[in-house]
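Q: First, the structure itself, so that you have it in front of you.
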Amino acid sequence: MNDALDVALRLLIVFVVFLTFPLIVGQAEHKVMAHMQGRLGPMYAGGFHGWAQLVADGVKFAQKEDIVPAGADRRIFQLAPAVALLPYLLVLLAIPIGPGDGAVGEVVDAGVFFVLAVMGVGVLGSLMAGWASANKFSLLGGLRTAAQLLAYELPMLLTAASVAMAAGTVSLPGIVDAFEWWWLPWQIVGAIVFFIAGLAELQRPPFDMPVADSEIIFGAYTEYTGLRFALFLLAEYAGIVVLCGLTTVLFLGGWHGPWGADGLGWVWTLLKSAVLAFVVIWLRVTYPRLREDQLQKLSWTLLVPLSLAQIALTGVVKVVIS
Amino acid sequence: MPQSSQAALREPTVVVASDYFDSYAVVGLLAVIGVLFVAVAFGAGRLLRPVVPTPEKLLTYECGVDPVGEGWAHTQVRYYVYAFLYVIFAVDSIFLFPWATVFAAPGYGAATLVEMFIFLGFLAVGLLYAYKKGVLTWT
């Protein structure tokens with residue numbers, strides 16, 4: 001009974017995190033982007049600096065008519081947002097924020113493997129949406145999404161493998177347990193490659209060619225309205241949370257910090273993830289969108305060779321020191 | 001006596017296996033919660049939203065003009081080459097993970113390092129070949 005309660009509590013926490021953290025990132029994006037561009041951003045909803053803007057957006061989305069185009073593949077069209085969103089919920093379960101069994105939803109043995117595999121499923125949602133919409137813009141957007149996943153999944157896999165090599169385990173808590181501060185310079189190339197590849201997989205600017213509004217309206221999501229559209233947006237922000245959490249756990253040492261790692265390790269994890277989320281927003285404001293061919297070129301001719309080099313470096317150093 | 005020792009041998013693996021599936025059972029439970037969440041959201045949305053379809057609304061969106069031809073239009077799919085490349089590389093990389101957990105274990109050191117460079121060499125040559133073939137540049 002106690003076990004059941006324990007599991008229920010963990011699932012509840014993971015679910016609440018899944019529903020709130022993406023909104024916090026979204027609200028931060030509203031405000032940070034605004035201030036970087038010399039605007040105020042939302043100021044009205046909720047009174048204090050527009051904190052309830054996304055709640056208001058959610059209420060608005062729920063009241064919008066749900067339109068499925070007559071030409072669309074109805075079932076697939078309606079299911080696509082769920083397929084895009086749910087993988088990120090499952091990934092959150094496996095990300096540890098503190099030491100020990102208490103600070104992780106569930107220790108999944110093959111953590112890195114599980115996380116990367118499940119994250120890849122999210123793209124299926126975009127592909128389903130793109131195909132089922134029976135819209136030319138959507139189809140192009142869906143294909144671009146798929147091509148982008150193909151290009152960037154590879155450097156992501158390779159750099160994650162590099163960390164697994166360094167730690168000698170594929171369990172996420174195991175990797176953070178094995179972390180030493182000098183891993184930071186050792187794995188820095190891998191960290192940057194992993195983060196960039198993750199951004200591209202989430203189709204965040206400057207890698208948002210699949211939803212390029214000036215070319216193909218909103219890519220695979222062109223035909224979506226109301227709640228289903230909102231779920232796609234939620235998936236994007238849940239993806240940011242997951243990516244920042246994973247980068248923290250794999251490359252930045254998770255709960256390790258210069259001090260206070262014993263009791264307050266989870267603060268370090270959240271702090272590092274928050275800084276990374278800020279960087280995600282910062283990059284969106286800073287860089288213009290990459291063209292489709294530049295996107296592919298960046299991955300295949302720069303990120304993949306870099307991640308292979310990182311694996312070589314990891315292997316040599318690891319064998320030399322052990 | 002041999003039977004009981006056999007059982008003792010077997011027992012730990014049974015425990016490990018059930019632990020193993022336990023963690024995925026929790027994952028499955030969370031998946032069920034997720035599906036319920038989406039179902040409830042869609043159900044509630046059905047109750048909350050207006051339904052006033054008109055033929056114009058249900059028309060495929062093409063910047064306001066009537067759609068031309070079919071949505072599932074023929075396009076030149078240039079990405080398939082990347083798909084091939086990806087499949088080749090990703091299947092290779094999958095084998096990295098089990099290898100990564102043992103490669104520095106005592107007694108492996110130099111041999112696995114050489115293996116790693118052979119593996120990386122294969123990938124690098126493949127990539128170089130694709131590059132020379134012009135697959136990675138667009139015309």
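Each Cβ is built from the backbone N, Cα and C atoms, and glycine gets one as well.
Just so you know, TrEMBL annotations are computer predictions that nobody has curated.
So TrEMBL has the following annotated:
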TRANSMEM  A:7-26  transmembrane segment
TRANSMEM  A:79-98  transmembrane segment
TRANSMEM  A:110-133  transmembrane segment
TRANSMEM  A:154-175  transmembrane segment
TRANSMEM  A:181-200  transmembrane segment
TRANSMEM  A:229-253  transmembrane segment
TRANSMEM  A:265-286  transmembrane segment
TRANSMEM  A:298-321  transmembrane segment
Q: Any residues 6+ beyond the ends of the transmembrane segment (A:154-175) with a Cβ under 8 Å from its own?
A: 94-96, 99, 104, 107-113, 115-116, 183, 186-187, 190-191, 193-194, 196-198, 201, 249-251, 299, 303-304, 306-308, 310-311, 314-315, 318
Q: Any contact between the transmembrane segment (A:110-133) and the transmembrane segment (A:229-253)? By contact I mean 3+ C-beta pairs closer than 8 Å, pairs at least 6 apart along the chain.
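A: Yes, the transmembrane segment (A:110-133) and the transmembrane segment (A:229-253) are in contact.
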Q: Of the listed stretches A:7-26, A:265-286, A:298-321, which one has the most C-beta pairs under 8 A with the transmembrane segment (A:181-200)?
A: A:298-321
